[in-house]
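Chemist: Structure below; questions to follow.
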Amino acid sequence: MAPQDRLTLDRVEAPGQASAGALLRVEGLSVSYGDHQVVSDVGFALRRGESLALIGESGSGKSTIARALLRLLPQGIGRASGSVEFDGHDVLSLPERRFRPLRGKRIGFVPQDPGTSLNPVRTVGSQAREAAALLGGPGGHEELVLDTFAQVGLDNPRRVYDSYPHQLSGGMLQRVLIGLTVLPRPALIVADEPTSALDVTIQKRILDLLSDLRRDLDISLLLITHDLAVAAERADSLVVLKDGVVREAGRTAAVFSAPSSDYTRRLHADVPALNPDRYRHLRDREPAGGPPKIEVTGVTKSFTVDGRRLTAVDDVSFSVPTGTTHALVGESGSGKTTTIRLLLGLEEPDRGAISVAGEEVAGRSHASLRSIRRHLQLVYQNPFTSLDPLWTVERLVGESLDRFRVGTRRERADRVREALHSVGLGEDLLSRKPSALSGGQRQRVALARALVLRPDVIVLDEPTSALDVSVQAGIVEVLLSLQAELGLTYVFVSHDLALVRQLAHTVSVMHRGRIVESGEVGAIFDHPRESCTRALVDSIPVGAGAVAEGVS
Amino acid sequence: MNRDYAKYALRRVLQAIVVVLLAYVFTFVVISVLPGDPVTNTLRNPQNGFTEEEITRIVSYYGLDRPVHEQLWDSLSRLVVGDLGVSLRSGLPVTRLIGEVVGSTLVLALSALAVALVLAFAIGFGTRYLPKRGGQGLLRAFPALFLSVPNFVVGLVLISVFAFQLGLFRVIDSEGGAATSFAAIALGIPVSAQVAEVLIANLDHEAGQEYAAVARSRGLGRTRLFLRHLLKPSSLPVVTVIALTVGELLGGAVITEQIFGRTGVGSLVERSVTTQDLPVLQAVVTLAAVTFVVVNLVADLLYPLLDPRVRLAGGRSRGKAEVAAP
Amino acid sequence: MTVAAVPSALPAVRRGQAAKVPPTVAVSFAVLAVVLSWSVVPGLFTAQDPVNGVPADKFLRPSTAHLFGTDHLGRDLFTRVVHGTASSVTSALIAVGIGVVVGGLIGLVAGFAGGWVDSVLARLVDVLLAIPSFLLAVVVVSSLGFQTVNAAIATGVSAVGVFARVMRSEVLKTRQAVFVEASYLQGGSRWHILVRHVLPNASRSVLMLAVLQFGLSILVIAGLAFLGYGDPPPASDWGLLIATGKDYPLAAWLVYAPAFVTIATVLSVNRISRWLRKTD
């Protein structure tokens, strides 16, 4: 790696040198909301035709930087200082009137959530035509828009043109937005987590589209992402941010092969896709043997939606040996969630049998389900909604003990503390309410709540998908240690195959309500038989491997 | 969509009819079941000078000597054929009494609504266009202020300033254009506050939406952003709010008409209360409920046609699933 | 899976600001404190007689001796306003109490029971909402008799619909919350969930509405008093004072002083309610 490839925080370039090739230069950028500084003294440069990724977890200020570059900070609240030079213009000091011709035409923006990024009460076409009209030029905007829609891979441009945003899927909307962004042939695209609101298999296709367009149209890309693996795969250079400060910067291969900061190293270690065997020592133990803890046989469930019958779960069977983790994977709408709701007795199956620890779940009354629930617990996906905001941690964790009248008051209090300890939380949190906890702490509280009754089986419904990778790593570690210690059986629902590969023993792949493939995790991942399994496996970013090979 | 809409419309219409009938029953119950017997009290009041015979005649005409449920049944059967009863005071049919004054109240209420809308939209737009430090804060405080002022105070101030001091209108000529305008202002100001509050909240909400930032990122200017993007989604919910203010306009008319010396439904109510003329009171309340229900029914039926986001028949449509994934 | 990215720095900043009480809110609390003390211990603020005046001193302009001037019978208006506070404010509290208890109960039962109970109660609430609230109050008070207490009850009845609607929608919202299902999985019974989870969470909005409705009730009761449907003179409810004052156009303070007190009180209540909503 050549030294000049390294963009470090404190490097001062001689004027006129090296910056010649830079399309975008950011120096000493600080942004504050009110009195609160969220970005401090950030600097980087992006060369013409290249791509650069800003990587960081939530609160790192990466999206704020994107907005500052486009001067889209909330009016009256956000303030940016420092220097942002784009193509010879000083972006921050230009008057709005002179900056507006740059915005859109020379710098394009791809937002995070396509579902909220188009006006809901106007058709896609009218908004696209408006974007085209802003470029000036003679009429024929409609043709131009339809051509662009075709270019970004929308199968039926006419139909998309006439639709309202809510009538299209997230992937299609993101294609529309990318189309509108490349329409004026900008020199730079700022993409703010362009795929994080989309399904995994679609994420890859959208990123591929961005890469293709970039290459074909010679556009530079500033990619904002939380995903180190994605960044490694898509960007020429990386800037790692934490708490609004640059922790590391440089060419992708260099940062990857020899990260210089502890933070980057830790981040690297926490990304499941880059460390498939991280928890092998915890996962690979002698199986306990005996009969399976969970047996699901031929379960089917349909719902009636808008007068149509929809089979959410179709003849699903799987079994989970005691003390192991079984993963259910699939895209959204594949029937994962319905399956676990059936397992927990929250829904009644139309057909089939479900047994947990030898007891039949289906067809039971609420009262008799109660006894099963002592051994069967659930951790929800989003810890921001699964904890009553008015309750303290102590009450939240102790609720089931009180409900089942376990032991004396004193014993219950002790068990609450014990459960908190087992998930790595201190007693100082006992009197806090969820709003005073971080996302990771909340999910640990939810986990403690599931553990406090000492169940045999815990169902985990995407328990880390709302959390940052470093927080996720902590939770996964706790889960696996508890499993090793207590012999717990997990059913783990996820769309993140890299994570599944790290922690599960067996896996079932679901597609449109059916299990299309199941077996040992390693076998399924290394030799997927079905096309939808392959699509899921392919969606795991492999950037790490590719880059590492390129370096060596 | 069309079949869903027809079903929705039918259900809403049936609900509306039920609500109107129940409103009639409800007022009947309030009037006849609550402690105190206003009718006989009125009749027996020596000032009214009814003889014992007359009292007996009137009491038996209204069936006041019979059980309450029979009275209710009679009353409902009369309602169905459009007979709202006879005034206890004047002996005239209630429908005729109301017919004489309803025009004046209608003019007042509609002008007040116009005042309210102009004021509300002026305030709403102002908050978007005035600078944060210059006047915008003041403008934002207006709805709260309007909501805190009793409408009779607004009326009294208007009369004292514009009639007595400036002589812009005369209180005697209560139905004249100038007097009506000021009465409409007095009645419209509190109503404008409700509309303005919703409008401001919606404008703020929409301006903070991601699509607004994305539209700006494509180079859209502020004015076009406001007119083409923010205005429609912010104004649509206002339709519902306007419909809800009907109650405010009709209720407020009681006081406004009294202050400005107008004869209308409001002053009819006021007179009927003072003289305990219950048939009139009940008829006016029913009429007000009908107006409210009909206006809100129209608003509800209109809304799905105006806003493409609204899905009928509950539940999420599976429309997304039909479109092939990218 | 987007949730991780959402909690940005922005809400944190807002939370920080909310911890401080804005000056206008502080002033509002001060105004309410004064008004409440007027209603509890009026004698502390004025030594003059609210009922019997000094005929020689009639129609005096506001001065240091008579802060709000005097009326047609030579009574000190400030004293009358202070002594009228108790009935103006307490009756608004009674009204809100009726609205919260009756409306809240209807909404709670409707939202939690669902099914036909909900349908029946929903129609009842529709009826209460369909009758313009001021008209409803007028009808109820004319049926009960012209007294301030009855005006308060009438105002309360006319607010029942609003409270029931808000409570019902909050209960429905809370019932669908994930944490309610979580409690069910922890072995919680329906009753436990209703009392411990649904009611406390749903009550927040209802309490905020109660504050707003308190201000509104002061206005409605003042309106009823203005029309003469409350206690007759020499009672000195604010609305009644304004009504009497308007007969003397040359003594404008007779209208403006009680009107000012009414507006200041309601404005303060509204400001506090708005602040509560924001800090939520």
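From the backbone N, Cα and C atoms, a Cβ is placed for every residue, glycine too.
For reference, TrEMBL lists these features for the protein:
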| type | residues | note |
| --- | --- | --- |
| TRANSMEM | C:24-45 | transmembrane segment |
| DOMAIN | C:85-273 | domain 'ABC transmembrane type-1' |
| TRANSMEM | C:92-117 | transmembrane segment |
| TRANSMEM | C:124-143 | transmembrane segment |
| TRANSMEM | C:149-167 | transmembrane segment |
| TRANSMEM | C:206-230 | transmembrane segment |
| TRANSMEM | C:250-269 | transmembrane segment |
Chemist: Under a criterion of three or more Cβ pairs within a distance under 8 Å and sequence separation of at least 6, are the transmembrane segment (C:250-269) and the transmembrane segment (C:24-45) in contact?
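Modeler: The transmembrane segment (C:24-45) and the transmembrane segment (C:250-269): touching, yes.
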Chemist: I need to check the long-range neighbours of the transmembrane segment (C:24-45): which residues 6 or more away from its ends have a CB within less than 8 Å of a CB in the stretch?
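Modeler: Counting only partners 6 or more residues beyond its ends, the transmembrane segment (C:24-45) has Cβ contacts under 8 Å with 81-83, 85-86, 88-90, 261, 264-265, 267-269, 271-272, 275.
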Chemist: Hey, which bits of the same chain come close to the transmembrane segment (C:149-167), Cβ under 8 Å, at least six residues off its ends?
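Modeler: Long-range Cβ neighbours of the transmembrane segment (C:149-167): 90-92, 94-100, 102-104, 106-108, 110-111, 121, 125, 127-129, 131, 133-134, 136-141, 202, 205-206, 209-210, 213, 216-217, 220-221, 224-225, 229-230.
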Chemist: Let me spell it out: take the transmembrane segment (C:124-143), skip the flanking residues so only those 6+ beyond its ends count, and list any with a Cβ under 8 Å from a Cβ in it.
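Modeler: For the transmembrane segment (C:124-143), the far contacts come to 106-107, 110, 150-151, 153-155, 157-162, 164-165, 168, 220, 223-224, 227, 229.
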